Structures are given as C-alpha cells and as structure tokens.
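Listed in TrEMBL:
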type     : residues : note
DOMAIN   : 475-581  : domain 'PGG'
REPEAT   : 97-129   : repeat 'ANK'
REPEAT   : 191-213  : repeat 'ANK'
REPEAT   : 256-288  : repeat 'ANK'
TRANSMEM : 474-496  : transmembrane segment
TRANSMEM : 516-541  : transmembrane segment
TRANSMEM : 562-582  : transmembrane segment
TRANSMEM : 588-617  : transmembrane segment
C-alpha cells in the first residue's frame, strides 16, 4: 500500500501557498502535478476518489497540458493507462499548441505509447451526440485532429519516428474508415507538406504505396513541388517507379522551372534518368530550368527564356553518360536551342569547359550539325572556345573535319579576332597559346597589330592593376630560390673542400689552397653568391618602381640571366670542390663527376636558350605531330 501524506484541509497553509503560486494560479493542482511527475497511481486515486474528485483530471498547466499530456511526455505508461481509463476524454484533449496526447507521444518518439493510445481510443465508443457527426469511434476523432501548424498524426509519425512502422500502423487502423483515411492523406500542413511528400523525402516506399491507394490523397510539397520531385531529390528510385505507375502526370509537371527529369540530370542520377526515359521518352522534350540543383528550394523565379532541355542541361553540367542515355531514346533532343541566346548543347559544354562532353559531341556523327551552328550573335562553338582561350577545346574543334575555321560573327570577327579582344588575358601564356594555335589555322590578317588590338579598351588603371601582380607573383618565388643559393654558396665558402691546415706555419689556411681546381672552386662560388644576391636585390627593386610595366622588359630579363649564371656557377663550384678532394686518390670518380656535370650544364644551356620554342612545340604537339606523320606518309606511302 502506497503511503500518502496529504493535507485534507483545503484551507491549510500548504494548499494556500500552492494556489497563490503564479504557476498554479490558473493551472493544475500541485498534488496532481506531483502525481504525474512521479507516476504515483495511489496519489492519483486518492485525489480523484477522496480529496478533490474526478473533476481534478480536467486541470491543465498554463501551457494547456492535462495530466495525460504530462504522463505521455514523461513516458509513464501505467500511469497514463489509469488516466485514460478514468477519463477517456483526455485522449482528444488539446493543449495550447493544438497537440493531443497522441501527437505529444509522436513528437517524443515514443512508439509504444503511441500504439497504446491508438488502441485505447479504438476500443472506446463516442457519446451518442458525436456518433451522428462521425459515425465511428473515438480513434477517428483523435487521429483527425491537427495542431496549430496544421499537422496531423500522420505528419508527426512520418517526421519523428525512426522508421515507417507507426505510419503504416495508423494507415492500417483507418483502412475501414474511408473518410478518416481521406482526411489524413489530403491534409497539407502550414509548411506546405503533405504526408506523401514527407514519406517520399524519408524514403518510406510502403507508406507511399498505401497513400496512393487512397483516392484523392495529396502529393503536394513546399513551393508547389510534388512528391515526384522530392523522390528524385531523395534518390528514391523505388518510390519514383510507384509514382510513375499510379500518377504518371507528375513526371511532366514543371515546378519552379524544374521537371523531375531535369532534377535527375542535375543530381547526376543516371538510374533515375533511365527510369524516366524508359517510362516516357517524350519527357526529354519538356524544358526545365537551370543547373542549380537547389533552385527548387529557392525564392527566385526562373524566366522561361532561360529554360533548357534535359540534354542541354546534361551538356552544361558535363554529364556524358546521362547525355548518351537521353540521346539514345530521343536522338533529336540534343538539337534544342535556348530562347535567350540561341546557343546549342555544344556552346553550353564549351562555356563550362567540359572537355569530355565536347569530345563526345564531336565524335558522335548525329551531332555534327552542332559544330557550325551559330547563336544569336553569330558565334560558333569555336568562337566560344576562342573567347575563353582554352587551347584544349580549340584543338578539339580544329581537328574536326567539318569545322569552319574562317566563320565570322555578326561583328565580323573570326576566332583570332575574338582572342585578340580578350583584354583580361592579354600577355598570359593562355592567351599566347590560343592565338598561335588559331592563327596557324586561320590565314586572315587582323586589321590591327596584336598588341594594339589586345590593349584597345584597357584603361591606364586596368593596365597598372594587371602589371602590378606580375612582379609580386614572380619575385616571391625567385627571391626565395636566390636567397637559398646565396646561403649555400656562403656556407661552401667557409666549409672549404679538405678543411684547413693544422701546420704551425700554415695554420687556418685552406689545405688545397695552392691547387688550380681549388682556385676555380673559389671563383665560381663567389660568382654564384654575387649573382644570387643580385637577383634578390632586383626582386626588391621590382616591387618599388611605379612604372611596373617596365618590369616585364628590364627586371625580369636580368633576373633570368643572373639566376641562370648563379645555377651554372653553383654547379661548377660543386664539381671542382669534389674534384679537389677526390683527385689525389680517386681520379676516375672525380672525372666521372666532372663529365656528368658538364652534360648537365650543356642541357641547362640548351633548354634555357630554346625554352620558348620547346614549350610552344610541347603545347602544340597534337597539332604538329599528326601533320608531320601525314606528310611523311604521303611522301613515303610504302
């Protein structure tokens, strides 16, 4: 027997203090609150049967929670059962947020408590005056209630539970009550989510299947999206198949500028694209929005002139496998051109620099018409590649036999002219490579000299800003290497080969001071040190001058010469230092090191003297080598 200590006199000081407490002034009896908190069933019986009466169960906290709300929140199953057996109306009571005890249990993730509440409500008949309205039991009334956010028990079961078991349990319970099932499945919350939308988002395929069996069930999502869009974004292929079977019209729905197929392309989901193409190939002709995967959740609206076909979207994103799948089912879907600038799929792939996609479009015979197709400004894909100075793209286009290299835009500019107008890339290696590659193919002479054409339209401020970063970028690494060489040569000067003599007459003099190889070592070491220090000094001066453009003519040229001299002299000092030490007893090893060093010096001299030619030939090897082979084969067919 539970021992209960109560003050039976309502006027006692303890009760009066509790009643005067602001928390309980218009709320729950303090002893009932204590019973709920401690799950004291004996105290509950005493309060209901002796102290206050059954009406005490109608008490609520200032937040509108009754005793059953509190018991469910705390997970007191036995105490909650005693409460709903004493007062069944507690099952359908709502707090200030519109939450019933069942919704409270669902929000707490208490599956066993939620099932117990549903079972209790299903076994209780409603009063006679409610039977006329509902023609069912208390369970239907409890399940149909929604909170202040417009969410019913199905919303909460799908959102808060770790699996779909409880949602399936609720749908099984209302299977015989068609009106309740319809109300649950049609309800869209204040956040714009239907139960089917949440089930698709969480991948609950069985729940989606049951909801699809209910006539009129809602498939809406936030911002006019559908369950199909959500299933694609969640990568739920099984759910997409079920939706296509029951509601195929959702596949062609455009919401916020996106179709389910364009979302599958944007998320790089090849399996999903195959499902849509197998179901209905005509979906490839419905234009969607942009390459922004999250546009469906954004607040901006897309202009229909910016819509692109799924194939063009795949081209702009570099999805080669997806493009192949779409082209297999709809060969002409690749010929769509945007309404804004009339660009085609090859234009889009080049603008985003997707080399693999460009190679695929150029290799496939059915896409040959895209090569010489111009946009609204008369630009071919070659002009787009030229404007980006991308030599790999330019080379791929020039190798195609159908490419019209001499085509001009509406401004009467060929590809070389387009490169010359790229002021922001002037004097860069990228710009030089693109110009040399195109000018080798296009024989038209430009109207202006290259330097004037490239500089035209550039203000003095822009030129100054462009040349400002050149010395800083170059001198940072150059000065670091120069100081490293200077440090090595200084250390080598003090740590002379062979060390110092220990004789009294020649103390602190170099041991091999009289040998010719040692003299060569000292001279080369001194020249290397002075050259490297001079380079470091020029690096400092290069950042001080106001006319920074002179840097590219004077400072950089002297830095290159002095740095090369420092490299050569450091190598010579190293070789003759070892030769001085090794020659007395290991002449063959000293000569071998000397020979290897001479070969290295010859290679360094050759590369430095022909660096520009070698680099240019290496970058354009894919152009010159095939031509050399073809010319050789024509001269020597055998």
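Placement of Cβ uses the backbone N, Cα and C atoms for every residue, glycine included.
TrEMBL does not curate its annotations; it predicts them automatically.
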Query raised in the report: In the repeat 'ANK' (191-213), how many residues does DSSP call helix, how many strand, and how many coil?
Result: 17 helix, 0 strand, 6 coil
Query raised in the report: Under DSSP, the repeat 'ANK' (256-288) has how many residues in helix, strand and coil?
Result: 22 helix, 2 strand, 9 coil
**Report entry** Helix, strand and coil totals (DSSP H, G, I; E, B; other) for the repeat 'ANK' (97-129)
**Finding:** 21 helix, 0 strand, 12 coil
